[in-house]
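This report concerns only the one structure given below.
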Amino acid sequence: MRQPKVTVLGGGSWGTAVASVATRNTETLLWARDADTVTELNERHTNSRYLDDLPLHPRLRATADLQEAVETADVLVLGVPSHACRAVLTEAADHLRPWVPIVSLVKGLEQGTRSRITDVVSEVLPGHPVGVLNGPNIAREIVQGYAAAATLAMPDHHLAQSLQRLLSSKLYRVYTSTDVTGVEVAGALKNVFAIATGFGDGLEAGDNTRAMVITRSLRELSRLGVAMGGQERTFSGLSGMGDLIATCTSPHSRNRRVGVRLAQGRTLEEIAAELKQVAEGVKSSSVVMELADHHGVDMRIAHEVDAVINHGQPVEHTYRGLLREAPSHEFHGDAW
Ligand SMILES: NC(=O)C1=CN([C@@H]2O[C@H](COP(=O)(O)OP(=O)(O)OC[C@H]3O[C@@H](n4cnc5c(N)ncnc54)[C@H](O)[C@@H]3O)[C@@H](O)[C@H]2O)C=CC1
Ligand SMILES: O=C(CO)COP(=O)(O)O
C-alpha cells in the first residue's frame, strides 16, 4: 500500500526538522515562502538560515508553491509561527482535500482571539481531524540525530497511532495521547516560563533559583492548563515538565535567551534583531494573562513576565517583587 504523503508548512527551524524526520518514513514536501530557502533545501539539502550547515534528509523536497504543497498532501503538518497560522491556513483551504488530518507543531496562542492553534485550524478547516505534536524538541538537536521524544495528541487514538509512525524515527520517539488541550496549552505556556527562567539566569541568580522557577512554573502552568480542560497528568509529561526542562535550560532556546538578554538590559527590539527567529513567549505573555483572568487562575510568575515584556517593568523589580511574597502550602492555594 502507498504511504501517505506528508506536507509540512513552514521552512523555519522546526518545520524543516520535522520534515526531515518524516522523509525517512514517507514522501515529504516542505513549503517555505522564501524562494532562496527552497532552492537551498532542494540543491544542498541544508537550511542554513535556521540550521547552519546541518545535513537534512537528501530525499526531502521543498516548494514555494502553496497550492502544490497542499493539494498533494495526505497529512498536513503546520509549522509556521502562531501569528501566521490563520492566514496560511486560509490560503491553503481551497487546495486541501477533505478529511486530510492536520498536525500542529505550533507552541503559541492566537493573539486577539486567545485561541489555541488547533481551534484556529478547526475554524478555518472544519471537518479535518486535528492534533498537536509537542515535546522537548530543540530543532537542531533533532536534525543532529540526538535522541528525543514528543507527544502526538489527537482525539482519535487510532489516527494518532498511524501518524505516529510517519512522524517518528528510532531516535525521535513519538508517544501518543488524546489530551489535545493539555499538550497544546503546555507547549504554549512553557515559553513564557522560559523567559522567566532567563531573567534569573541573566541576573546570574544560580542553579537553585533556576530549579525553583522551573518547578513553580510547572505548578502555574498546570493550574491554568487544568482550568482550560487539560488533564493534570499531561503536565508532568513530555509536553509539560519535559519541555520546561529543555526550554528553561537550553542555551539554544530563543525564549530563554529573550529573558537573559532583557535581564542584561537589552531592549526587545535589539533582542529580536539578534535572534532573527520566533520566540513565541513574547507574544503569548499577554494572551496567557488574559486566559488566567478569564479562568480565574492566579499566575504570579507569568504576570511578572507580562509586566516586563508589555509594561516596561525592569527585571530586577520582578525578581525582588516575587521574593517579597510569602510562600504558602506547596500544593494548595494560589501563591507562586
Ligand atoms: N525551533 C524549535 O526548536 C521548535 C519550535 N517549535 C514551534 O514551531 C513553530 C515554528 O517555529 P520555528 O520553526 O522554530 O520558527 P523560525 O523562526 O525558525 O521559522 C519561522 C518560519 O515561518 C515562516 N513564516 C513566518 N511568517 C510567515 C508567514 N506569514 N507566512 C509563511 N511563513 C511564515 C518564516 O519564513 C520561517 O520560515 C513555533 O510555534 C515554535 O514555537 C516547536 C518545537 C521546537
Ligand atoms: O520549543 C522548543 C523546544 O522544545 C524551542 O524553544 P524556543 O522556541 O525557546 O527555542
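Placed from the backbone N, Cα and C atoms, the Cβ positions cover glycine too.
These numbers come from a predicted model, not from an experiment.
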TrEMBL annotation, sn-glycerol 3-phosphate site containing LYS107, LYS190, ASP243, SER253, ARG254, ASN255 - matching residue among GLY127, GLY131, GLY135, GLY225: GLY135
Residue from ALA139, ALA147 that TrEMBL also lists as binding NAD(+) with GLY10, GLY11, GLY12, SER13, TRP14, GLY15, ARG254: ALA139
From GLY10, GLY15, GLY135, LYS190, SER253, ARG254, the recorded positions whose CA lies within 10 Å of that of ARG33 (NADPH binding site): GLY10
Cβ atoms near LYS190 (active site, proton acceptor) (within 10 Å, other residues, all chains): 33
Most distant Cα pair in Å, residues LYS107, ARG254, ASN255 binding substrate: 13
Those binding-site residues listed as ARG33, LYS107, ARG254, and which of them has the most Cβ atoms within 10 Å of its own Cβ: LYS107
